[in-house]
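What Swiss-Prot annotates here:
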COMPBIAS  354-374  compositional bias 'Pro residues'
COMPBIAS  525-541  compositional bias 'Pro residues'
MOD_RES   Met1  N-acetylmethionine
MOD_RES   Lys18  N6-acetyllysine
MOD_RES   Tyr714  phosphotyrosine
MOD_RES   Ser813  phosphoserine
MOD_RES   Ser815  phosphoserine
MOD_RES   Ser817  phosphoserine
MOD_RES   Thr819  phosphothreonine
MOD_RES   Ser828  phosphoserine
MOD_RES   Ser855  phosphoserine
MOD_RES   Ser857  phosphoserine
MOD_RES   Lys879  N6-acetyllysine
MOD_RES   Ser904  phosphoserine
REGION    336-549  region 'Disordered'
REGION    601-635  region 'Disordered'
REGION    722-878  region 'Disordered'
REPEAT    15-57  repeat 'SURP motif'
Amino acid sequence: MEMPLPPDDQELRNVIDKLAQFVARNGPEFEKMTMEKQKDNPKFSFLFGGEFYSYYKCKLALEQQQLICKQQTPELEPAATMPPLPQPPLAPAAPIPPAQGAPSMDELIQQSQWNLQQQEQHLLALRQEQVTAAVAHAVEQQMQKLLEETQLDMNEFDNLLQPIIDTCTKDAISAGKNWMFSNAKSPPHCELMAGHLRNRITADGAHFELRLHLIYLINDVLHHCQRKQARELLAALQKVVVPIYCTSFLAVEEDKQQKIARLLQLWEKNGYFDDSIIQQLQSPALGLGQYQATLINEYSSVVQPVQLAFQQQIQTLKTQHEEFVTSLAQQQQQQQQQQQQLQMPQMEAEVKATPPPPAPPPAPAPAPAIPPTTQPDDSKPPIQMPGSSEYEAPGGVQDPAAAGPRGPGPHDQIPPNKPPWFDQPHPVAPWGQQQPPEQPPYPHHQGGPPHCPPWNNSHEGMWGEQRGDPGWNGQRDAPWNNQPDAAWNSQFEGPWNSQHEQPPWGGGQREPPFRMQRPPHFRGPFPPHQQHPQFNQPPHPHNFNRFPPRFMQDDFPPRHPFERPPYPHRFDYPQGDFPAEMGPPHHHPGHRMPHPGINEHPPWAGPQHPDFGPPPHGFNGQPPHMRRQGPPHINHDDPSLVPNVPYFDLPAGLMAPLVKLEDHEYKPLDPKDIRLPPPMPPSERLLAAVEAFYSPPSHDRPRNSEGWEQNGLYEFFRAKMRARRRKGQEKRNSGPSRSRSRSKSRGRSSSRSNSRSSKSSGSYSRSRSRSCSRSYSRSRSRSRSRSRSSRSRSRSQSRSRSKSYSPGRRRRSRSRSPTPPSSAGLGSNSAPPIPDSRLGEENKGHQMLVKMGWSGSGGLGAKEQGIQDPIKGGDVRDKWDQYKGVGVALDDPYENYRRNKSYSFIARMKARDECK
């Protein structure tokens with residue numbers, strides 16, 4: 001392929017060369033971005049099929065080829081220093097794949113194909129524009145020719161059309177119609193007038209009133225053409241009515257289209273046009289397209305040269321694309337030939353240097369250097385295991401368990417200082433089949449099972465992401481030998497580290513490079529690798545990483561407490577049972593003693609709930625029988641519960657334990673008091689609440705307009721109101737004169753005598769001191785006789801009888817002689833639980849209010865601004881307060897101040913009257 005000539009302008013040449021280099025390095029996405037940004041820049045017309053497009057494509061191909069060669073050259077150099085591999089001498093050499101980041105041949109071909117398509121689309125758009133411009137120019141020339149033939153004054157016609165456009169009166173339309181009929185002397189005259197109307201209506205800047213009023217003029221002319229039999233003018237209007245009507249109809253909205261459509265109905269009714277024209281007018285888009293095609297055929301002599309020029313450009317682009325593809329194929333073939341020529345001497349030398357394969361030894365080597373091979377169908381290469389020197393016991397002490405007799409099989413290849421379960425591949429049963437349970441998993445090793453059950457399949461890459469770290473080589477010997485290991489003890493006693501780089505089963509260690517084997521009861525493929533949940537980060541709105549409750553319950557056996565949970569799947573199950581074929585691990589001095597009830601279900605979980613997720617961040621790694629059941633109090637000194645990120649990065653739900661139920665006013669929280677939740681299983685109530693939250697709305701659980709449950713927080717607000725009342729009651733009872741005043745007086749508040757006393761009628765019984773005296777008298781009346789109690793109550797409550805408007809008293813019972821639910825001692829200072837005075841959901845009024853949109857969580861009213869408790873039946877109010885509405889505060893400070901001032905004023909007036 002010959003190199004096209006570069007542009008003479010050095011600046012433009014530099015732009016093309018630099019862009020070719022950038023596109024070769026960054027890929028076709030960079031070219032797309034450049035085309036979008038520089039689509040209006042004339043300097044970048046070469047990207048859209050303009051001049052020097054061929055030079056740009058050739059330059060781009062050369063840059064890509066040079067980049068591939070530069071990246072392949074360093075790969076060929078170290079190949080000579082590699083150790084010889086036992087390959088067949090005549091095996092064909094595979095082509096060297098392109099370096100990472102360099103586009104392959106298929107990518108280059110696809111990029112060229114995409115460029116070709118973009119160029120074709122751009123050229124087609126340019127062709128359409130040029131064809132339209134050529135047709136418009138031809139039409140204008142035709143109009144000029146008719147104007148020269150007829151010698152009509154179009155300025156006079158425009159002067160008559162302007163009043164029609166402005167006012168559209170009958171006189172203006174009549175004047176325009178008369179001028180047209182008076183000048184319709186020949187077909188050229190008629191064509192000139194009709195063409196002038198078409199140009200005025202189809203112009204780009206024409207507004208709707210101009211088009212509509214001129215169409216009204218055409219309608220009037222058509223009517224008179226039919227009456228006067230003016231066939232020449234009618235034929236001229238038939239040629240231009242399609243673009244006039246279709247353009248006006250498609251350029252306006254629907255309400256304005258109806259005005260134009262009425263004219264079409266009138267034309268169809270009167271029969272001004274034939275059926276073909278009526279069909280085009282009924283489908284404006286189709287009719288306009290047919291009209292444009294007619295113009296192209298009519299002016300084909302002007303259109304064909306434009307179309308041929310663009311067709312040649314498109315064909316040139318296709319030819320360049322084909323040549324580019326052919327050039328790439330040839331270059332690839334040449335590279336393969338050169339590669340074969342370079343590798344032939346090397347392969348011959350390898351064949352000569354390769355010794356004959358030795359006979360298979362009778363016994364395997366004690367420490368093989370080559371990693372164990374996997375099954376032939378494994379798609380991944382086996383993971384390189386550490387050498388045997390890394391697993392020697394410290395101090396030269398050998399594992400006494402390894403000296404025992406071993407059975408035949410793969411265990412014979414294991415050195416005596418390595419546990420047999422460490423890197424021994426286990427046979428994997430096909431999917432859908434379980435391994436036979438006759439053989440115990442560890443028949444020849446005296447130690448317990450590993451902390452992580454070995455999995456051996458093609459999914460070991462999930463656990464092999466961090467094995468390149470040097471930290472893997474620092475593992476100690478297996479903890480089930482007789483040598484205590486302090487580092488292993490930290491795996492059970494040290495809390496999990498919050499950093500995601502460290503696995504959750506070690507204080508600072510990483511997972512040993514076990515051969516991972518899929519669980520025997522797992523029936524499906526493994527999900528992608530997932531990290532453990534980050535509880536020190538804001539949570540996702542919905543955790544879809546966990547399976548729903550009781551998912552595949554019968555397919556997973558329970559696990560032993562010392563086993564690591566199947567971390568990639570985020571499954572967790574009751575951690576009490578251990579499979580029957582695998583006993584509990586042998587005791588080791590570095591381990592905790594197993595609980596006596598290790599084979600029993602823990603008290604907080606059973607086999608019915610295998611949906612417990614992984615323990616939260618901060619779990620200290622203890623087995624479940626060493627943990628308490630639902631710790632009622634959080635140990636704030638526990639370092640595993642202290643978050644190590646700023647408080648604003650934590651989930652908002654961690655603030656909930658710091659807000660007490662009785663708190664109702666703003667109280668700033670101390671970020672140092674925030675603690676992570678302790679490990680505890682979800683309760684039945686929590687699981688039921690989660691299921692109810694995601695359940696669809698029903699009649700019992702309606703939703704509001706925003707999609708939330710209507711009464712979802714009713715119980716919470718109800719409990720919060722109870723706690724708030726209880727706190728207020730305790731504050732009132734904790735005073736020096738009322739320490740025992742309200743303890744048992746509620747039960748007797750309704751059974752007092754109804755006697756009155758005239759002595760207290762003139763006293764100010766509504767003050768706060770009067771309320772205190774009543775409380776004091778009632779508290780003392782419990783330890784006296786009934787008559788004295790009655791006398792004390794009658795003296796202190798002569799006007800209020802048995803009621804008080806103090807905040808602690810909420811509602812009077814209907815019964816005349818209620819009794820307290822429980823009788824504590826006379827010296828008891830604990831207040832009895834205050835019964836809830838709010839109406840329950842069984843109340844008809846409550847149900848009616850809920851149906852009308854009341855949420856039920858606050859006060860009455862649309863904005864919940866009213867009272868929250870039912871109206872008290874017998875509240876005694878002052879004379880000026882008795883007619884106030886429901887929900888009006890009676891302890892308004894301004895009203896109280898005005899009332900106190902009025903007392904002094906009335907007293908002065910009475911004193912003045914008495915002096916007179």
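Glycine is treated like the rest: Cβ placed from N, Cα and C.
All features noted in Swiss-Prot, drawn onto the structure.
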{"residue": "Lys18", "record": "N6-acetyllysine", "Cβ within 10 Å": "10"}
{"residue": "Tyr714", "record": "phosphotyrosine", "Cβ within 10 Å": "15"}
{"residue": "Ser855", "record": "phosphoserine", "Cβ within 10 Å": "17"}
{"residue": "Ser857", "record": "phosphoserine", "Cβ within 10 Å": "18"}
{"residue": "Lys879", "record": "N6-acetyllysine", "Cβ within 10 Å": "6"}
{"residue": "Ser904", "record": "phosphoserine", "Cβ within 10 Å": "9"}
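Beyond the ends of the repeat 'SURP motif' (15-57), by six or more residues, the same chain brings 3-7, 63-64, 66-67, 103, 107, 111-112, 114-115, 118-119, 122-123, 313, 316-317, 320, 324 to within a C-beta distance below 8 angstroms of the stretch. Applying DSSP to the repeat 'SURP motif' (15-57) sorts its residues as follows: 34 helix, 0 strand, 9 coil. Nearest Cα neighbour of Ser857 (phosphoserine) among the listed modified residues (Lys18, Tyr714, Lys879, Ser904): Tyr714. Across the structure, Tyr714 (phosphotyrosine) and Ser855 (phosphoserine) place their CA atoms 8 angstrom apart. The shortest Cα-Cα distance from Ser904 (phosphoserine) to any of the modified residues (Lys18, Ser855, Lys879) is found for Lys879. Between Ser855 (phosphoserine) and Lys879 (N6-acetyllysine), the C-alpha separation comes to 35 Å.
It is 95 Å from the Cα atom of Lys18 (N6-acetyllysine) to that of Lys879 (N6-acetyllysine).
In this structure, Tyr714 (phosphotyrosine) is part of a helix by DSSP. Restricting the average to the repeat 'SURP motif' (15-57) gives a pLDDT of 84.
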